[in-house]
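Written below as structure tokens is the structure these notes are about.
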Amino acid sequence: MKSWSTPAPPTVPSRPDRLRLHDTATGRTRHPGNDGRRASLYVCGITPYDATHLGHASTYVAFDLLHRYWRAAGLEVAYVQNVTDVDDPLLERAEATGVDWRALAEEQTDLFRADMAALEVLAPDHYVGATEAVGLVVDAVETMLAAGRAYRVPGGDGEPEGDVYFDVRSAQSATDWRLGQVSAMDLDEMAAVFPERGGDPDRPGKRDPLDPLLWRVHREGEPAWDGRSLGSGRPGWHIECSVISRAHLPAPFTVQGGGSDLRFPHHEFSAAHATAVDGLPLAHTYAHTGMVALDGEKMSKSLGNLELVSRLRARGVEPVAVRAAILAHHYRSDWEWSEQVLTDAQARVTRWRAALDGPHAAAGVAVLDAVHAALSDDLDAPRALEALDAWAAGTLPGLVETAADPVPVVDVVAALLGLRLR
């Protein structure tokens, strides 16, 4: 599947700060990418309908900061993102609107690509649809069945014979993975959110209510692929990310990213499936973004309370202002989108642009030091923007000493923050 195009970031001098990133799984600070010359990143992609709302955009802009930070440090970065281009919510939306599910997925994925390019999100090296990874899924599920890490559920109660589920208990007894080690949730928390996030705890024949689906055998009217010994059907949700990441990244890779609503079950079981197949952890560090609200509630496809990047662009809103509005909030915080947030961001962009014609436009070292230090501290973008405010006001420390520095501020801001002011 094709990705999108974004200009290469300007080159800026490296800095000695070491990245500190919060790891959801342990609750501790990690230093990903500080121990070598390579880093790898997997960010879970969209299910292509209602693209691209501000919750999506906030997540991809956040991990774009990490990508840019590593690249500015001189690391060779491998970045992979998936597209869940076949899944129940997509099929339900297609049926409700009378659109072919493939046409809906293609249209919304194209829209997502355009939005990401407009927001200056650096493109992944591999952009992979779930439908492109079916063969890899079949390989993995057959391996788990043979090892006793998965099982077939009998038919009945209107369900056909042969759906394959992951055996949580067997996996825990035979591998180093333990339920909750990625999500840092207890059983009560997991049980509460599982049915809200695609789980089916009451499915007859399951060995444990939390066992997730690996392979859904064909139902009338649903798309299906050749599953060899599994029978005709389609992948479950979590397994797609397990196999796509394994196909394109080291095992384990450096950082798994996504929204906080993916902690469980998605990231928990993506990690479990990968370990059940080859015995290796999925990732070293798990990082999650906060939720974006609108009108007092989490922005959600199911609720329909969405602000779309494409809608803002159609209104004539500058994408750089949308990106600045997102960066004004720490990536791990929950926050609320509003017109005032956008107005404030546009005003900041206007001030920064005016300062590019002022006496400190070449004071790149002072700005670089401040922005890099902020991003080194758990990608603290709000602090980085405050440094830009201080630069524009002429109050950032070091401006006098570095006023003749050859590093343009405009390059620093574009390279590290993805804000193209010119």
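Just so you know, glycine gets a Cβ as well, placed from its N, Cα and C.
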Record-annotated L-cysteinyl-5'-AMP site (Swiss-Prot): member among TRP101, TRP225, TRP237 besides CYS44, GLY45, ILE46, THR47, THR59, ASN82, VAL83, THR84, GLY259, SER260, ASP261, VAL292: TRP237
Looking at the ranges 28-33, 196-201, which is given as motif ''ERGGDP' region' in Swiss-Prot? 196-201
Of the residue ranges 153-157, 208-212, 228-232, 298-302, the one that Swiss-Prot records as motif ''KMSKS' region': 298-302
Using a 10 Å radius around each Cβ and counting other Cβ atoms from all shown chains, which of the binding-site residues CYS44, ILE46, VAL83, CYS241, VAL292 yields the largest count? CYS241
For the region 'Disordered' (1-34), what does DSSP give as the number of helix, strand and coil residues? 0 helix, 5 strand, 29 coil
Which one of these binding-site residues, THR59, HIS266, has the sparsest Cβ neighbourhood, judged by other Cβ atoms within 10 angstroms? HIS266
Quick one: pull the CA-CA distance for CYS241 (Zn(2+) binding site) versus CYS44 (L-cysteinyl-5'-AMP binding site), whole Å only. 7
Using DSSP, what's the helix, strand and coil tally for the motif ''HIGH' region' (46-56)? 3 helix, 1 strand, 7 coil
Taking the residues CYS44, GLY45, ILE46, THR47, THR59, ASN82, VAL83, THR84, TRP237, GLY259, SER260, ASP261, VAL292 listed for L-cysteinyl-5'-AMP, what is the greatest CA to CA distance in Å, to the nearest whole number? 23
Local confidence of the motif ''KMSKS' region' (298-302) - pLDDT mean: 70
